[in-house]
Amino acid sequence: MNKYKIVLLAGDGIGPEISDVSKKVLKKLSKKHNFDIEIIEKLFGGIAYEKYRNPAPDETLDQCKKSDAVLLACVGDIKYDSLAREFRPESGLLKLRSALNLFANIRPVKIRKSLIDASTLKKEIVENVDLIVVRELIGGIYFGKPRGHISNTEIPKAFNTMVYDSAEIERITEIAIKIAHQRNKKICSVDKSNVLEVSQLWRDTVLKSTSKHKNLSLSNMYVDNAAMQLIRDPSQFDVILTSNLFGDILSDLAAMLTGSIGMLPSASLNNNGPGVFEPVHGSAPDIAGKNIANPIAMLLSASMMLKIGLNEEEAAESLENAVDKVLSKGYRTADLANSFSEVLSCSEIGEKIIEEI
Ligand code: NAD
């Protein structure tokens, strides 16, 4: 029997509620598909700050490094917004990504047929959307140095540096190539090379890396056009490859094609070592503690963890199918509900999914 050790970071806000559902679902899947999964829970985010004055304590990071995969719910709350930057829950996320060298963020955006009406775009625009955003995660302007404030000027100034070397671009391109090979073999690389030198290096490097793969088709798009095309005709995309800043913005935009942020999973990976699997949404403080959150984004993140992180493909498929069955029967959490659906709480929809596994 295969045995896995995963770390669960429930974090803040709705995190504990959706984590509770995820634990139960993983236990059911392990029984059905005959593997053993040890779930180690650790403090992370605001809750870790409360106890240790550190949103990403060393003990949590060490345990993550020793695990087979990390399943993270979400962190953050308005009450931490006035803290110095290094104490904020979101800084914990950056620390975790750096500690595990998670340079690739993968975000699948797929329309589930039963939820097509949840999108704010017309049905015919979104019905065939099935794309993946591959975003570089630990470089670019979020990490570039020098950065800072200049105080001795007449008016306040601040600056950041957008920097990549070709090795960083090559390794994220290799991930996009691998994913494109498993799909429709189309990569669209998004940059701003008409204005930025760093984007020109990005474009040249992506071209060089992909040119060895004759069966792949590569296109390039400026980021402003990509934003427009994602709304105009999103089904033209298969794999979108882009840098940290552009990926951050475009992946949220792409996420909303599906209608609810409560449905979208993501994976952050490196070439070896544990990945972090987490929903795209934040901690939703406005609905925390009410048992009304949608746990499906976290469950689909658990499915990505089973597939990519643990190689338990059948269990991953079984979970995806169970989610689809529950949705097609008309069960919904409040964020997805329409006049035909039966609205269930977070824990109730979890139970329905467990019944279908
Ligand atoms: P958010 O994603 O938490 O919430 C945006 C809206 O979507 C809210 O109305 C919320 O109720 C709703 N929503 C989100 N997830 C939902 C779910 N699973 N089910 C039902 N509805 C859901 O974004 P925000 O309000 O901008 O941020 C709240 C906090 O989360 C902030 O502190 C922010 O920094 C943090 N945040 C954390 C992460 C992360 O942990 N990776 C990501 C984004 C934001």
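Cβ atoms here come from the backbone N, Cα and C positions, even for glycine.
Residues or ranges marked as substrate binding site in TrEMBL: Arg97, Arg107, Arg135, Asp224. Under the heading Mg(2+) binding site, TrEMBL lists Asp224, Asp248, Asp252. The NAD(+) binding site annotation in TrEMBL covers Gly282, Ser283, Ala284, Pro285, Asp286, Ile287, Ala288, Gly289, Lys290, Asn291, Ile292, Ala293, Asn294. Taken from TrEMBL, the feature domain 'Isopropylmalate dehydrogenase-like' applies to 5-353. Taken from TrEMBL, the feature site 'Important for catalysis' covers Tyr142, Lys192.
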### Task
Looking only at C-alpha atoms, tell me how far Asp224 (substrate binding site) is from Tyr142 (site 'Important for catalysis'), rounded to the nearest Å.
19
### Task
Report the binding-site residues (Arg135, Gly282, Ala284) that meet this criterion: Cβ distance to the nearest atom of ligand 1 under 6 Å. Use sequence order and write none if nothing qualifies.
Gly282, Ala284
### Task
In whole Å, note down how far the CA of Arg97 (substrate binding site) lies from the CA of Asp252 (Mg(2+) binding site).
19
### Query
What does DSSP call Lys192 (site 'Important for catalysis') in the simple three-state scheme?
coil
### Task
Among Lys192, Gly282, Ala288, Ile292, these being the recorded positions, pick the one whose CA is nearest to that of Arg97 (substrate binding site).
Gly282
### Query
Any idea which of the binding-site residues Asp224, Asp286 has the thinnest Cβ neighbourhood at 10 Å?
Asp286
### Task
Report, as a single number, how many Cβ atoms besides its own are within 10 Å of the Cβ of Tyr142 (site 'Important for catalysis').
17
### Summary
Smallest Cα-Cα separation from Lys192 (site 'Important for catalysis') among the recorded positions Arg107, Tyr142, Lys290 is shown by Tyr142
### Query
At the level of the C-alpha atoms, what whole-angstrom distance separates Tyr142 (site 'Important for catalysis') and Ile292 (NAD(+) binding site)?
33
### Task
Excluding Asp224, Asp248, Asp252, please set out which residues of the same chain place their CB within 8 Å of the center of the CB atoms of the Mg(2+) site, keeping sequence order.
Val223, Ala227, Leu245, Phe246, Gly247, Ile249, Leu250, Ser251, Leu253
#### Entry: Set of same-chain residues at least 6 away whose C-beta sits under 8 angstroms from Arg135 (substrate binding site)
Ala104, Asn105, Ile106, Arg107, Thr242, Ser243, Asn244, Phe246, Gly247, Asp248, Leu250, Ser251
#### Entry: Arg97, Arg107, Lys290 as binding-site residues, winner by CB count within 10 A
Arg107
## Note on the structure
Simplified DSSP label at Gly282 (NAD(+) binding site) comes out coil
